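Participant: Please read through the structure below; I'll follow up with questions.
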Amino acid sequence: MERFCIQTQTLLSFLLVLLLFISRSFASTKNDDVDGGKRVQIRVGLVLDLGSLKGKIVKNSVSMALSYFYAIHNDYKTRVSVSLRNSHGEPLLALASAVDLLKTEGVEAIIGGNSLLEAKLLGELGEKARVPMISLDSPFSLSLSKYTHLIQATHDSTSEAKGITSFINVFDWNSVALVYEDHDDWRESMQLLVEHFHENGVRVQSKVGFTVSSSEDFVMGRLQQLKDLGTTVFVVHLSEVIATHLFPCARRLGLMGDGFVWILTAKTMNSFHENIDDFTKQAMEGVVGFKSYIPMSIELQNFTLRWRKSLPVEEAELTRLSISGIWAHDIAFALARAAEVIRMPNVTSTLLEEITKTRFNGLSGDFQLNDKKLLSNKFEIINMIGSSERRVGFLNSNGSFSNRRHLSSTHNKLETIIWPGGSAQSPKGTSLIDSDRKKLRVLVTSSNRFPRLMKVETDPVTNELIVEGFCIEVFRASISPFNYEVEYIPWLNGSNYDNLAYALHSQKDKYDAAVGDITITSNRSTYVDFTLPFTEMGLGIVAVKERSMWVFFQPLTPDLWITSAFFFVLTGVIVWLIERAENKEFQGSWPQQIGVVLWFGFSTLVYAHREKLKHNLSRFVVTVWVFAVLILTASYTATLTSMMTVQQIRFNSNEDYVGHLSGSLIANVALTSSSLRAMRSLGLNSAADYAQALLNKTVSFVVDELPYLKVVLGENPTHFFMVKTQSTTNGFGFMFQKGFELVPNVSREISKLRTSEKLNEMEKRWFDNQLPYTTDDTSNPITLYRFRGLFIIIGVSFAFALAVLVILCLRDKWEILVDNLDLSQRLRHFRIHFVRSIHTSPLDDPIGETAVQMAQQNRQ
């Protein structure tokens with residue numbers, strides 16, 4: 001019985017515990033359902049190239065990050081859900097996918113934009129839709145800063161450029177060769193590095209670009225060129241795919257041995273993964289690289305462990321978590337935190353604003369956005385040893401180096417670096433053939449049409465090629481600071497320099513550069529690299545100097561001469577009318593009065609009028625006219641002075657011929673301009689032809705580039721003058737093969753020659769040109785139209801004076817005119833009064849006397 005009771009109690013206790021567990025489970029399930037009903041879904045788009053290793057890593061990283069985040073924050077009311085789209089590595093498809101996510105899924109943010117073009121397209125879309133666009137590891141570009149809704153997660157290219165430059169300066173290397181990937185992303189991100197090199201005295205000796213499709217033979221050929229130039233320090237800025245071909249080729253050419261330095265940028269190092277084969281790793285022995293620093297932490301170790309456990313067998317290649325994956329993890333955390341904040345009561349900020357304010361300790365370290373950029377400015381310096389990476393130091397924020405992460409030092413102390421070839425001794429970084437003169441194969445133009453510019457001939461005795469002229473002197477002065485032995489090769493295929501540019505481009509094994517009267521054009525620049533121009537830019541016109549004995553008539557046009565003469569006479573007439581009644585100097589016989597009128601009017605030209613004016617009205621007329629004369633004489637003097645020093649060219653499209661250099665594309669372009677299109681042209685072949693055609697008037701003037709015309713002026717300084725026109729050409733430059741290391745150096749030397757006046761001295765020596773022979777066609781005759789306002793003022797003033805004079809006359813005789821006289825008598829009386837005002841004494845004028853007598857008889 002007792003045993004039964006015990007069993008009954010045990011059963012009841014078990015049932016009670018079971019009932020309590022069921023009730024708790026039910027309550028928990030009910031609460032979960034309630035909570036689940038309150039959770040808000042925040043949709044985020046993910047646009048990736050799922051066919052790439054990077055795309056797969058980012059996808060898994062974001063998914064795992066969100067799962068882990070909500071596992072440790074189960075009480076959050078929001079849930080970020082991801083909508084995935086595959087861009088297949090196509091920027092336009094990525095844009096289309098982003099638009100689809102916005103329309104169909106209503107996403108509130110999009111993660112993508114792994115290339116520069118994708119980032120720009122998504123940035124534009126973000127501006128239109130006002131939705132945050134998050135770009136992972138897109139290259140640094142100032143062009144992206146204008147997008148206010150674009151967030152970038154990448155390394156700080158400015159800090160990296162300073163670090164690499166400081167690293168090169170620490171070892172006292174003064175020149176490097178840039179080996180880069182010829183793609184927009186890599187070219188754009190390389191520009192900042194090149195700028196820092198120039199600012200800090202690191203000379204870029206050469207640039208060599210490769211693409212993913214570059215063959216092994218092409219890679220070997222370009223590396224061989226670098227080796228021939230004696231390059232020992234290489235800065236590599238390209239993707240992992242190209243690196244797997246580059247370093248084995250470099251090793252076969254002996255460029256991975258003692259004395260060589262290979263430096264990898266952070267973008268290159270960050271793209272490396274564990275799937276590089278052992279052969280490539282062995283070839284990279286001794287390479288030094290900059291890599292974005294990810295601090296080791298418990299969280300990173302745990303995430304890496306979960307990462308590896310979650311990978312399916314078919315994705316075994318994703319074993320190693322990349323830096324992009326770590327940044328994607330932290331971005332997902334930031335999105336989840338920001339999504340929770342914006343759903344809180346009394347919060348009015350947007351998702352973009354909350355993301356930019358979010359700060360936490362993530363897998364990449366201290367996560368904080370600065371100006372919408374997650375800029376990782378912490379770098380570790382890696383030394384490739386065998387198949388492993390060995391950290392030899394850190395790049396500090398001040399640009400110095402240390403062998404410990406938290407040690408701020410200005411002494412640039414690093415761990416021992418094992419360089420290519422296995423040596424621990426720092427390479428000198430000097431050219432392998434600095435002690436030997438390098439040979440430069442130069443094509444020289446040999447048409448000899450303008451010997452002062454370029455003259456090529458063979459010595460009949462020694463059979464030696466003799467090269468002279470202004471162009472070759474500038475070239476020799478520009479290349480003299482560099483240790484080159486120059487071999488001149490005449491270009492015998494005429495004056496078509498487009499073909500010369502193509503020959504230089506296509507026959508790289510034969511020629512390195514070209515020198516001569518070669519104009520810089522956009523078409524030629526597609527095949528070769530040009531230096532800075534060493535001549536004046538633009539076209540000019542040369543004509544025979546005019547020696548006219550009537551040059552003093554040219555400042556004013558005929559209509560202005562006639563109008564001015566008319567107003568001189570009119571001034572004298574009006575003053576005579578006003579002064580004649582009271583001023584004896586304006587009285588006398590008709591010939592005397594006509595002489596006074598003409599004398600007074602024209603004497604105002606030189607302010608020589610001596611007649612004393614008694615009437616204020618005449619003084620007003622003279623004052624206005626003297627003001628006008630002052631303007632006319634000043635303008636005439638200035639224009640005449642200009643015309644005496646500046647010659648002018650008159651175009652007559654119906655009669656004139658214009659000369660130009662035969663076969664010159666530049667001259668042909670000039671002849672199609674609006675002012676010269678209708679004129680007839682004549683091709684000439686040399687400076688002597690130019691002079692002869694101008695002197696015998698076969699052509700009225702010659703149009704060509706300024707250097708050619710300066711030769712003509714130098715040979716005939718007393719016969720011709722030149723008018724410089726618009727700078728429609730780019731001047732002469734030296735041509736080099738694309739990417740040739742001497743181009744920036746020679747351009748720098750040309751700039752020095754110009755600023756030091758040495759280039760000007762060379763021009764004077766070869767062209768004998770002086771400033772009076774070069775003028776601007778700016779002195780045009782003054783037209784009546786330009787002075788129409790002045791003459792309107794004068795005309796109105798004169799009309800006003802005449803009106804006042806008439807009113808005064810009428811006022812004095814008004815009673816007589818209106819007193820019992822009909823209209824005909826009034827007019828007759830007014831005529832008599834006017835005659836008397838001209839001839840005050842009737843005895844002096846019988847006509848006037850008769851008129852007075854007739855008037856008196858009529859009144860009686």
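Placement of Cβ uses the backbone N, Cα and C atoms for every residue, glycine included.
Sequence annotations record features per position, and here Swiss-Prot assigns signal peptide to 1-27. If you look up Swiss-Prot, you'll see 28-557, 641-789 marked as topological domain 'Extracellular'. Per Swiss-Prot, N-linked glycosylation site is recorded for Asn302, Asn346, Asn398, Asn493, Asn523, Asn696, Asn745. Per Swiss-Prot, transmembrane segment is recorded for 558-578, 588-608, 620-640, 790-810, and the stated evidence type is sequence analysis. Here Swiss-Prot flags 579-587, 609-619, 811-860 as topological domain 'Cytoplasmic'.
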Participant: May I ask for the residues of the chain that lie six or more residues beyond the transmembrane segment (790-810) and have a Cβ under 8 Å from a Cβ within it?
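Facilitator: Long-range Cβ neighbours of the transmembrane segment (790-810): 563, 567, 570-571, 574, 577-578, 617-618, 620-621, 624-625, 628, 631-632, 784, 817, 833-834, 837.
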Participant: Measure from the CA atom of Asn696 (N-linked glycosylation site) to the CA atom of Asn493 (N-linked glycosylation site) and give the result in Å, rounded to a whole number.
Facilitator: 32
Participant: Using a Cβ cut-off under 8 Å and a sequence separation of 6 or more, which residues in the same chain sit near Asn745 (N-linked glycosylation site)?
Facilitator: Arg203, Pro481, Phe482
Participant: Highest CB neighbour count within 10 A among the glycosylation sites Asn302, Asn346, Asn696?
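Facilitator: Buried the deepest by this measure is Asn302.
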Participant: Enter the number of other CB atoms within 10 angstroms of the CB of Asn493 (N-linked glycosylation site).
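Facilitator: Counting Cβ neighbours of Asn493 (N-linked glycosylation site) within 10 Å gives 14.
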Participant: Provide, as an integer number of angstrom, the distance between the C-alpha atoms of Asn696 (N-linked glycosylation site) and Asn302 (N-linked glycosylation site).
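Facilitator: Rounded to a whole number, the Cα-Cα distance is 94 Å.
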Participant: Inside 10 Å of the Cβ of Asn523 (N-linked glycosylation site), count up the other Cβ atoms and send me the figure.
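Facilitator: A count of 10.
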Participant: How long is the line from the C-alpha of Asn346 (N-linked glycosylation site) to the C-alpha of Asn523 (N-linked glycosylation site), rounded to the nearest angstrom?
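Facilitator: Rounded to a whole number, the Cα-Cα distance is 63 Å.
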Participant: Quick one: Cα separation, Asn302 (N-linked glycosylation site) versus Asn523 (N-linked glycosylation site), in Å?
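Facilitator: Cα to Cα, Asn302 (N-linked glycosylation site) and Asn523 (N-linked glycosylation site) are separated by 59 Å.
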Participant: Going by DSSP, is Asn696 (N-linked glycosylation site) part of a helix, a strand, or coil?
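Facilitator: Reduced to three states, the DSSP call for Asn696 (N-linked glycosylation site) is coil.
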Participant: Should Asn302 (N-linked glycosylation site) be counted as helix, strand, or coil on the basis of DSSP?
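Facilitator: Looking at the DSSP assignment, Asn302 (N-linked glycosylation site) belongs to a helix.
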Participant: Over the topological domain 'Cytoplasmic' (811-860), what is the model's average pLDDT?
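Facilitator: Averaged over the topological domain 'Cytoplasmic' (811-860), the predicted model reaches a pLDDT of 53.
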